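> Sharing the record's features from TrEMBL:
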ACT_SITE  R294  active site
BINDING   Q109, H111, E136, H275  Zn(2+) binding site
DOMAIN    5-153  domain 'Phosphomannose isomerase type I catalytic'
DOMAIN    169-256  domain 'Phosphomannose isomerase type I helical insertion'
DOMAIN    336-376  domain 'Phosphomannose isomerase type I C-terminal'
Amino acid sequence: FPPAVFPLSCVVQNYSWGKVGLESEVAKLVASGDPLVQIQPDQPYAELWMGTHPRGDALIRDNRIPQKTLGQWIADNPACLGAKVKDAFQGHLPFLFKVLSVNTALSVQAHPNKELAEKLHAQFPEHYPDANHKPEMAIALTPFEGMCGFRPVEEIVSFLQNVPELRALIGEVAAEQLERSGSDDPRGVSAALRVCFTRLMKSEKKFFVDQLNMLVKRISQEAAEGKDTAGSNGELLLRLHSQYPGDIGCFTIYFLNLVRLEPGEAMFLGANEPHAYLHGDCVEVMACSDNTVRAGLTPKFIDVLTLCEMLNYTPAPSSSKILPAAQSQLDPHVYLYDPPVPDFTVMRIEIPASIKLYLISAMDSASILLVIQGTAVGTSTAAASEMSLRRGSVLFVSANESISLHLSSPDGMLLFRACCLL
């Protein structure tokens, strides 16, 4: 039989928002996983792609396998996906697994649901390259900050009252409509919120740049005088303005929740949920798609009309965006992040130092395994030979195959495993 468990060499994306050199978790993992790689100290290392995406198909590190990339190998061996996954996702790996190292904010964006994705792809294929939805889940590796979903209305109203520059952009009529909307009428609240956010996003460039400059000047003065600028979300405003001066995205901080994750905490981003990652390192898993509707904090194509139309305008506290990990009933070392979509699930595997032999169990789905810390020798009846695993190692594991880990590190191991549990 050809090997069905094998190591991968994964593609790095050097987007400008990434952390630079060995500040980046992506760079650290790559350098540790492959000692021959030279890390450039002034280059951003933003994303590591573990999967079969055409813009970053992983290379197979096993010269006994004739196929060069994981995508080619799965196309030739679709049974490796597992029977259910193969049928449900037409012989394709349904997820893309990533590590992200975020230094400056990513654009304010949302991903369409399947229905909208099909429509956008048909109309504007140059901006929307495929017809799939793109739910995402981020699990923090270091303290991680992002914006996600609309804040509770009372928080937005408070900003409308404390930030005159924001109120000027939205206009008195829309602001008062939101202030008067009652919690007993959620549809009325969402409608008012939609009007306010759309007014902001469609405001005239010269007008919003003037208002933004006034706001930045005012908050900078207040901060210099030692005043508390929290009522205007001052610290975050100045930070984003320094990264993207004159960008409409700076005002979205008054509408969107700020979510802070500690290592091991996760947030799930469903279709039509506005979000922007701000800072930190995470593992991320998503449905295989590149469809992104952007609104700000970006020099890229902005599609304000589509974005304002599609968003989910349901306000909710930031705590509701955090997806808890559930300890597995079958194995106390496994924690499951199981989001409300079928495309992907992630397991966090924490093996204590006291355990020297650990079985990565077989499941009815292909999976990708990433080592974050620790060292081991992996053996599998489906692997061509022993595999040495260390920080940064990535393995592809076919459905129904297991791996025995012979641990050699004094401080145990931490791994993440992405799969599809149908």
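Backbone N, Cα and C define each Cβ position, glycine as well.
Just so you know, TrEMBL annotations never went through curation; they're auto-generated.
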> In whole Å, how far is the residue listed as 'active site' from H111 (Zn(2+) binding site) when you measure between their Cα atoms?
9
> Would you count the other C-beta atoms found within 10 angstroms of the C-beta of H111 (Zn(2+) binding site) for me?
25
> Using Cα coordinates, what distance in whole Å links Q109 (Zn(2+) binding site) and R294 (active site)?
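Distance between the two Cα atoms comes out at 4 Å.
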> Compute the average pLDDT of the predicted model within the domain 'Phosphomannose isomerase type I catalytic' (5-153).
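So the average pLDDT across the domain 'Phosphomannose isomerase type I catalytic' (5-153) works out to 96.
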> In whole Å, how far does the CA atom of H275 (Zn(2+) binding site) lie from that of the residue listed as 'active site'?
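Answer for this pair: 10 Å between alpha carbons.
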> Run through the domain 'Phosphomannose isomerase type I C-terminal' (336-376) and tell me, per DSSP, how many residues are helix, strand and coil.
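For that range the per-state counts are 0 helix, 21 strand, 20 coil.
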> Do you know offhand how many angstrom separate E136 (Zn(2+) binding site) and R294 (active site) by C-alpha?
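About 16 Å separates the two Cα atoms.
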